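**Student:** Here's a structure for you.
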Amino acid sequence: MAGQSHYSPPMPEFDEAPKVLIVVAPYYRDIADDLLKGARAKLDSVGAAHETVEVPGALEIPTAIGIAHRTAEFDGFVALGCVIRGETSHYETVCNDSSRGLTMLGLSGACIGNGILTVENYDQAAVRAGEQDKGGGAAEAALHLVALSRKWRNLSKGIGFKPKG
Ligand SMILES: Nc1c(NC[C@H](O)[C@H](O)[C@H](O)CO)[nH]c(=O)[nH]c1=O
Ligand SMILES: CC(=O)[C@@H](O)COP(=O)(O)O
């Protein structure tokens with residue numbers, strides 16, 4: 001059933017604090033603030049350094065992350081926003097293109113947690129940004145990907161590999 005609690009893997013631990021960029025589209029300001037609160041709390045809980053930038057809407061989030069990713073300044077990214085269905089098909093465009101943009105960036109190596117809510121109405125958004133803490137969940141996803149990226153990068157350098165015998 002929607003909103004039922006689900007399994008979350010244990011939070012990774014970091015020898016070196018990751019640096020995370022939060023890109024938020026405060027199209028719905030109160031919703032964005034709840035998402036930010038949850039994401040920042042999760043990042044603080046593992047000692048991650050983080051900063052936040054705002055963009056006009058969800059469609060701009062992938063572009064902003066792409067720009068930041070090319071600077072190699074950040075280990076991971078958290079995308080936060082809220083898309084609420086209106087009268088036209090623009091809802092599908094905003095949802096699908098923002099999500100697809102983030103997926104393409106992820107496949108190119110960016111560690112991104114997607115906290116862009118795609119909902120039918122404001123009440124659905126408020127529950128997901130609040131008690132369901134989707135912002136924290138997006139931050140958690142980004143942190144897992146950062147940990148995985150570091151693990152495989154270190155292994156490829158022979159770091160942490162203990163030869164047998
Ligand atoms: N309707 C919503 C939008 N629309 C704006 C687009 O995201 C974009 O900024 C515009 O098309 C200019 O490129 N954005 C949201 O974040 N949420 C919405 O509900
Ligand atoms: C998600 C949207 O772009 C939507 O809020 C725009 O509303 P409308 O489809 O009524 O123009």
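Here the Cβ of each residue, glycine as well, is placed from N, Cα and C on the backbone.
TrEMBL: automatically predicted annotations, no manual curation.
What TrEMBL records for this protein is below:
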- His90: active site, proton donor (ACT_SITE)
- Tyr27, Ala58, Leu59, Glu60, Cys82, Val83, Ile84, Asn114: 5-amino-6-(D-ribitylamino)uracil binding site (BINDING)
- Glu87, Thr88, Arg128: (2S)-2-hydroxy-3-oxobutyl phosphate binding site (BINDING)
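Give me the structural setting of these features: burial, nearby parts and distances.
**Tutor:** A 10 Å cutoff on Cβ-Cβ distances gives His90 (active site, proton donor) a total of 12 other Cβ atoms nearby, all chains included.
Around the Cβ of Cys82 (5-amino-6-(D-ribitylamino)uracil binding site), the same chain contributes Ala25, Tyr27, Tyr28, Ile31, Ala32, Leu35, Ala58, Ile116, Leu117, Val119, Ala125, Ala129, each under 8 angstroms and 6 or more positions distant in sequence. Following the DSSP three-state reduction, the secondary structure of Cys82 (5-amino-6-(D-ribitylamino)uracil binding site) is strand.
Same-chain residues at least 6 positions away in sequence with a Cβ under 8 Å from that of Thr88 ((2S)-2-hydroxy-3-oxobutyl phosphate binding site) are not found in this chain.
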**Student:** Which of Glu87, Arg128 (the binding-site residues) has the most other Cβ atoms within 10 Å?
**Tutor:** Arg128
**Student:** Got a sec? Which of Tyr27, Val83, Glu87, Thr88, Asn114, Arg128, the binding-site residues, have CB under 6 Å of any ligand 1 atom?
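**Tutor:** Cβ < 6 Å from ligand 1, in sequence order: Tyr27, Val83.
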**Student:** Running a distance check here. Ligand 2 versus the binding-site residues Tyr27, Leu59, Cys82, Asn114, Arg128: which have CB less than 6 Å from one of its atoms?
**Tutor:** none
**Student:** Within 10 angstroms of the C-beta of Ala58 (5-amino-6-(D-ribitylamino)uracil binding site), what count of other C-beta atoms is obtained when all protein chains are considered?
**Tutor:** 26
**Student:** For Glu87 ((2S)-2-hydroxy-3-oxobutyl phosphate binding site), identify the closest of the binding-site residues Leu59, Glu60, Asn114, judging by Cα separation.
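**Tutor:** Spatially nearest to Glu87 ((2S)-2-hydroxy-3-oxobutyl phosphate binding site) by Cα position is Leu59.
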